[in-house]
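Here's what TrEMBL has on this protein:
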- 117: active site, proton donor (ACT_SITE)
- 22, 23: phosphoenolpyruvate binding site (BINDING)
- 93, 122, 123, 124, 125, 126, 313, 335: UDP-N-acetyl-alpha-D-glucosamine binding site (BINDING)
- 7-414: domain 'Enolpyruvate transferase' (DOMAIN)
- 117: 2-(S-cysteinyl)pyruvic acid O-phosphothioketal (MOD_RES)
Ligand SMILES: CC(=O)N[C@H]1[C@@H](OP(=O)(O)OP(=O)(O)OC[C@H]2O[C@@H](n3ccc(=O)[nH]c3=O)[C@H](O)[C@@H]2O)O[C@H](CO)[C@@H](O)[C@@H]1O
Ligand SMILES: C=C(OP(=O)(O)O)C(=O)O
């Protein structure tokens, strides 16, 4: 297993190019299953989840080629099997996104229930309930969701879907299924994340009729057929936010090229209140922090909620900043029931954090000291990297396969702006 070796204490200076969003690229690769015509995605990030998704769709008989510049060309003209086997989906929950498109275009799908996830139980009951409301017959057997259209049906039927809670991939599955369904679908309580809007924009280029994306109520008028398109994956707001927190914590002056400030209002607002200078520029965001966080930044309390609230995927990274800023803060995690696994590792580096249920209370310290720590999930890994950049001495972050799942060459990007960080190959 690869590790990261970080020697902390350097400020960060220069420019970083923000990659395409993992959470947009994954549903968009699945959206290519909705048409027999070629689809080209550009700005696709180079990360493990994308590689897994490419393997998954190739295994269905789809042609998918990726080039060095981040372009992926997909042709789902012929499909040998509408199946997502456990072996291929166990490391990536987003594989559930194959269910809606396969069912909508081929009338059947067999998709493994995603494997267990460290951050919470993450059931997929809402996905199943919504697709059943569109007429799909779905049974869960031997760890698989086996879905098909009722006898005599050629398409799903549009309907009104109100989910019990706001679900990002659930909304994406319904959007893709409804695009090819018969009649109108209305999604109430829809997720509003920028990745949903990006997927909707791609589907509209493919000929889908969608209104209201980016709001809680999305209206989709199903069409008979979708065609090919070329679509650029939106910038990754979580990668952007991770670099914002890294620069804020270490001190420095960095331009995050292609970063979208308009997708990060809640995080940027907290950073500014803490004392960080964040300036939207023509094609990116500039972040300036006058020195190590403890010298001038104030810790900030926040509560994770659905977009446009503070993203759960930024909770761990901002918590590190709180750990090394001045004063107390209270972080409340409302989306996932087990998303504080970075806390014990941060404590091993010298952070002062106490957990009480959904709340983590931190008291800023002047310094962290390097140690060997273990990554437990994707954003926990990112938080440990930021902590390592701040800590005195050497930090080794183990089990970084979690990080590789969702960050495009993180250590190379950090090295490019002055961090002392290297990958130690297993
Ligand atoms: C690939 C992708 O885009 N992943 C993101 C997506 O995950 P994902 O789409 O899996 O997360 P959801 O928005 O669905 O989950 C929100 C909450 O609803 C619950 N729930 C969800 C569906 C369901 O059928 N039943 C159910 O109970 C979940 O357990 C969780 O507590 O949104 C999360 C919340 O912003 C992010 O952290 C993930 O990075
Ligand atoms: C939880 C995340 O991703 P996933 O839904 O793919 O597990 C994440 O991106 O932080």
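Any Cβ shown, glycine's included, is placed from N, Cα and C.
Those TrEMBL annotations? Automatic predictions, nothing curated.
Checking the recorded positions 22, 23, 117 for a CB within less than 6 Å of any atom of ligand 1 leaves 23, listed in sequence order. Residue 313 (UDP-N-acetyl-alpha-D-glucosamine binding site) sits 12 Å from residue 22 (phosphoenolpyruvate binding site), taking the CA atoms of both as reference points. Proximity of the binding-site residues 93, 125, 313, 335 to ligand 2, judged by a Cβ distance under 6 angstroms to any of its atoms, singles out 93, 313 in sequence order. Of all the Cβ atoms in the protein chains shown, 25 others lie within 10 Å of the Cβ of residue 23 (phosphoenolpyruvate binding site). Among the recorded positions listed here, namely 22, 23, 117, 117 has its C-alpha nearest to that of residue 125 (UDP-N-acetyl-alpha-D-glucosamine binding site). A straight line from the CA of residue 122 (UDP-N-acetyl-alpha-D-glucosamine binding site) to the CA of residue 23 (phosphoenolpyruvate binding site) spans 16 Å.
The recorded positions close to residue 93 (UDP-N-acetyl-alpha-D-glucosamine binding site), defined as a CA atom within 10 A of its CA, are 117 out of 22, 23, 117. All protein chains included, residue 124 (UDP-N-acetyl-alpha-D-glucosamine binding site) registers 19 other Cβ atoms within 10 Å of its own Cβ. The shortest Cα-Cα distance from residue 123 (UDP-N-acetyl-alpha-D-glucosamine binding site) to any of the recorded positions (22, 23, 117) is found for 117. It is 19 Å from the Cα atom of residue 335 (UDP-N-acetyl-alpha-D-glucosamine binding site) to that of residue 22 (phosphoenolpyruvate binding site). Per Cα geometry, 117 is the residue among the recorded positions 117, 124, 126 nearest to residue 22 (phosphoenolpyruvate binding site). Of the listed binding-site residues 125, 313, the Cβ environment within 10 Å is emptiest of other Cβ atoms at 125. Comparing the Cα of residue 117 (active site, proton donor) with the Cα of every entry in 23, 124, 126, these being the binding-site residues, the smallest distance points to 124. For the binding-site residues 22, 93, 122, the ranking by surrounding Cβ atoms (within 10 Å, all protein chains) places 22 first. Neighbour density at the Cβ, taken as the number of other Cβ atoms within 10 Å, is lowest among the recorded positions 117, 335 for 117.
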